[in-house]
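K.L.:
Quick paste from Swiss-Prot:
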ACT_SITE  R148  active site
ACT_SITE  K172  active site
ACT_SITE  H246  active site
ACT_SITE  R249  active site
ACT_SITE  H272  active site
ACT_SITE  Y281  active site, O-(3'-phospho-DNA)-tyrosine intermediate
DOMAIN    2-87  domain 'Core-binding (CB)'
DOMAIN    108-294  domain 'Tyr recombinase'
Amino acid sequence: MTSLSPLLEKFRAHLEDEKGSSPHTVRNYLIDLVDFERYLVERMKLSLLSGTHAAIRGYLGTLSTDHAPASRARRLASIKSFYKYLVRQKLLPASPAKLVKSPKLPKTLPKVLPVEEVFAILDMPDVKTVLGLRDRAILELLYGGGLRISELCGLDLLDIDRSGRIVRVMGKGSKERLVPVNAQSIRALEAYLARRGELLATIRKDQAPEAMFLNFRGGRLTPRSIARHLDTYVLKCALTRKVSPHAMRHSFATHLLGGGADIRSIQELLGHSSLSTTQRYTQVTWEQLQQVYDSAHPRA
């Protein structure tokens with residue numbers, strides 16, 4: 001990323017130090033804002049402090065041909081957050097972005113896997129190897145605990161109470177929550193931990209990381225690596241659909257709801273701050289019910 005202007009440097013410090021935003025979130029905000037600032041300076045001859053409602057709308061208009069509505073909405077959300085910060089810092093009397101309307105987004109439902117497809121993926125890792133044991137434990141926690149991939153990568157050895165079957169995760173905004181997991185997840189984790197030391201063979205004992213999940217060099221596993229391994233297992237299963245780590249989380253929530261769990265409990269398990277975010281899963285199960293009805297009822 002190019003060097004940041006002083007205002008964006010201050011905003012980055014605010015995101016990191018005060019809001020506790022993840023590195024991924026901070027990076028996305030800054031990418032959006034650097035692009036917006038470039039537009040203001042080069043096209044409008046304005047600065048971030050002199051940006052106007054019309055300039056923001058004009059910027060979004062330049063994105064309309066080659067950016068999806070969701071991408072434009074994210075750019076606007078970054079701009080709104082930035083100007084809200086400037087107002088709170090008394091650098092501006094009001095936000096020029098406040099009345100800019102977000103692009104209309106098509107209603108999309110979470111991508112959910114049938115139970116049998118989830119189980120097929122879980123059975124793919126070769127549990128005769130330490131990396132296979134690691135991947136099996138990762139997949140079990142993604143589905144058995146509904147963890148975000150960033151939460152899973154951030155797990156340390158002390159974050160799991162194996163006897164109590166509890167995982168302590170650091171969610172969005174540095175919000176900590178406790179997540180119960182099933183016995184199979186714990187068994188998979190214990191099998192991996194019994195051989196985890198093999199991944200530390202090239203590392204001095206005093207340099208051993210606290211990370212739960214390690215790569216073959218002994219470092220903390222990254223979200224990109226996990227997504228790549230999942231792609232491999234999906235191909236081995238001969239599934240035709242694309243499966244992301246987040247699809248395992250969606251499947252966790254939808255299968256819980258289908259099994260009778262109440263929406264408030266699922267909200268807590270997922271770490272959603274808003275119930276409306278969790279309520280998307282009720283629409284998924286309703287559509288599934290409609291499909292069952294249409295295929296099974298003699299009058300359908």
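Each Cβ is built from the backbone N, Cα and C atoms, and glycine gets one as well.
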K.L.:
Report, as a single number, how many Cβ atoms besides its own are within 10 Å of the Cβ of H272 (active site).
P.N.:
17
K.L.:
Report the member of R148, K172 (the active-site residues) whose C-beta atom has the most other C-beta atoms within 10 angstroms.
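P.N.:
Selected residue: R148.
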K.L.:
Of the active-site residues R148, K172, H272, which sits closest to H246 (active site) by Cα distance?
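P.N.:
Minimum Cα distance from H246 (active site) across R148, K172, H272 lands on R148.
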K.L.:
So of H246, R249, which of the active-site residues has the fewest other Cβ atoms within 10 Å around its own Cβ?
P.N.:
H246
K.L.:
Among R148, K172, H272, these being the active-site residues, pick the one whose CA is nearest to that of R249 (active site).
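P.N.:
Out of the listed candidates, the nearest Cα belongs to R148.
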K.L.:
Measuring Cα to Cα, how many Å separate K172 (active site) from H272 (active site)?
P.N.:
9
K.L.:
Could you state the whole-number distance in Å separating the C-alpha atoms of H272 (active site) and R148 (active site)?
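P.N.:
About 11 Å separate the Cα atoms of these two residues.
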K.L.:
Along the domain 'Tyr recombinase' (108-294), what average pLDDT does this model show?
P.N.:
86
K.L.:
On the three-state reduction of DSSP, what should I expect for H272 (active site)?
P.N.:
coil
K.L.:
On the three-state reduction of DSSP, what should I expect for R148 (active site)?
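P.N.:
Going by the DSSP assignment, R148 (active site) belongs to neither helix nor strand, so it counts as coil.
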